[in-house]
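Colleague: What Swiss-Prot lists as domain 'ABC transporter 1' is 4-239. Annotated ATP binding site per Swiss-Prot: GLY36, GLU37, ASN38, GLY39, ALA40, GLY41, LYS42, SER43, in sequence order, evidence recorded as sequence analysis. Sequence annotations record features per position, and here Swiss-Prot assigns domain 'ABC transporter 2' to 252-495 based on sequence analysis.
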Amino acid sequence: MAFLEFNNVSKGYPGVQALANVSFTVEKGVVHGLMGENGAGKSTLIRVLSGDQAADGGNIFIDGEEQKYTSVRDAFHAGIVVIHQELQLVPELTVAENLWLGRFPAKGGIIHLKTLIETVRAKLEEIGIDVDPSTKVSSLSIGARQMIEIAKAVMLDARVIALDEPTSSLSSRESEILFSLIARLKARGAVILYVSHRLDEIFRLCDSLTVLRDGKLAAHHPKIAETTREQIISEMVGREISNVWGWRERALGDNRLEVKGLSGPRLHTPISFSVRQGEILGFFGLIGAGRSEMARLLYGADARHRGEVTIDGVAVSPNNPKVAIKAGMVLCPEDRKFDGIVQGRSIEENIAISSRRHFSRFGILKPKTEAAQADRFIAKLRVRTPSRRQDIVNLSGGNQQKVILGRWLSEQGIKVLVIDEPTRGIDVGAKSEIYDILYELAAGGVAIVVISSELPEVMGICDRIIVMCQGRVAANVARPDFDERSILTAALPDKNAAGSI
């Protein structure tokens, strides 16, 4: 008998049918994969399961009992825990307080912090997570925060655990800890719904698989061993994708961006590099290698200690992002939710926010011009939405990334694009569309810096790769010399290479 059952679950929003009569079952003690393009309905299904949103129709059964909860709290008490891609921790509370939030150990109404911290410390050590429980969550890396979310599910003894892109911010070591935790939960009899775009992980961890497309059930595989990667990709996108990367050779111009001796608070060893007109330069390294820190220094988001930056031979001193933008340099940040999109605002507003000075006269906005621009970029970038007025938080990760790119494409005179983790949490179909946008920009002479923790991505789309390790430049590899083993070796922490490029 199935332990978890979705029966004709449907959910609609204004102009969009997110789920249409989705039905499938999952056995007890099974890791079940959930795949589909961004916008396929995966996140909506998880929200319905978690009680965050109510279904318009259909039923959910756990161990034969219909679930009629109407809130996240009800689902929580039913043994359902969801770990979202957008983490739900409270930044200003400690690790221990977050893990015990809503169920603090108390006596006579008094919370015993010492007991709280020591209990959490023992549990974290038991499951192999090396984090001080008295540390505030705000001081932790994204990867460490993800591990704390996962630890919460383990401590709650949940019956059903949904993990949404759980390794997107984890190092290799942290991912291995996660995989061992999943094995422990599986052995305990829990159902794990594993949402991921990483086929390697799906085939390694999952026993069965469901594929959604356009809110409908595209395929259900009770035994994942009986399917293939090619079949799954075809089921996801409804078409064959022979080459996701599609690298395109193009003529490169003179140096457009030159960086000499750049350093800052979290990038102690000065680094130097250049990017030519039309070139796509990749930065690869493990988590903590200093890639994102370099990008923030370059863009003026963080104060630099020293260093020279020139664009088309003109010296630029980006001590804040406004200066960088004025000089023609823009950044698509690593964390789309907190640093990229403006939550609670429409797609139109998010596209126009950096260029509104072009759509105003004497400080008065021109709504029709702004709306026309939004419609143009929604069509050009193939943003899937019923309306430009839709709140951007309701878009999938891939469509949010397109809107951020649209924002900068609307900025006149863009010369340098720095894009950090361009396709994190984005499905294979949307990845291909993002790469098309980057190739088009490069063909127009824009110098592009791509920062990615996915080696196949930088090898697939970049003309050159700079490998970073512990805040230093460890290697500079031209496309004819791309070799996965040598690039990974250069990224390992026991290397000490540094210098100019």
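Here the Cβ of each residue, glycine as well, is placed from N, Cα and C on the backbone.
What you are looking at is a predicted structure, and each value in this text was computed from that prediction instead of being measured.
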Colleague: Look at each of the binding-site residues, GLY36, GLY39, GLY41, and point out the one with the fewest other Cβ atoms around it within 10 Å.
Modeller: GLY39
Colleague: Which residues does SER43 (ATP binding site) neighbour through Cβ under 8 Å, counting only same-chain ones at least six apart?
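Modeller: Looking at Cβ-Cβ distances below 8 Å from SER43 (ATP binding site), excluding near sequence neighbours, one finds ASP164, VAL195, SER396.
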Colleague: Under 8 Å Cβ-Cβ from LYS42 (ATP binding site), six or more apart in the same chain: what's there?
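Modeller: Non-local contacts for LYS42 (ATP binding site): LEU34, MET35, GLY36, ASP164, VAL195, LEU212.
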Colleague: State the count of C-beta atoms found within 10 angstroms of the C-beta of GLU37 (ATP binding site), not counting that atom itself.
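Modeller: Cβ-Cβ neighbours of GLU37 (ATP binding site) within 10 Å number 25.
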Colleague: Through the lens of DSSP with three states only, how would you label SER43 (ATP binding site)?
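Modeller: Going by the DSSP assignment, SER43 (ATP binding site) falls within a helical segment, counted as helix.
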Colleague: When you measure from the Cβ of ALA40 (ATP binding site), how many other Cβ atoms are you left with inside 10 Å?
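Modeller: I count 25 other Cβ atoms within 10 Å of it.
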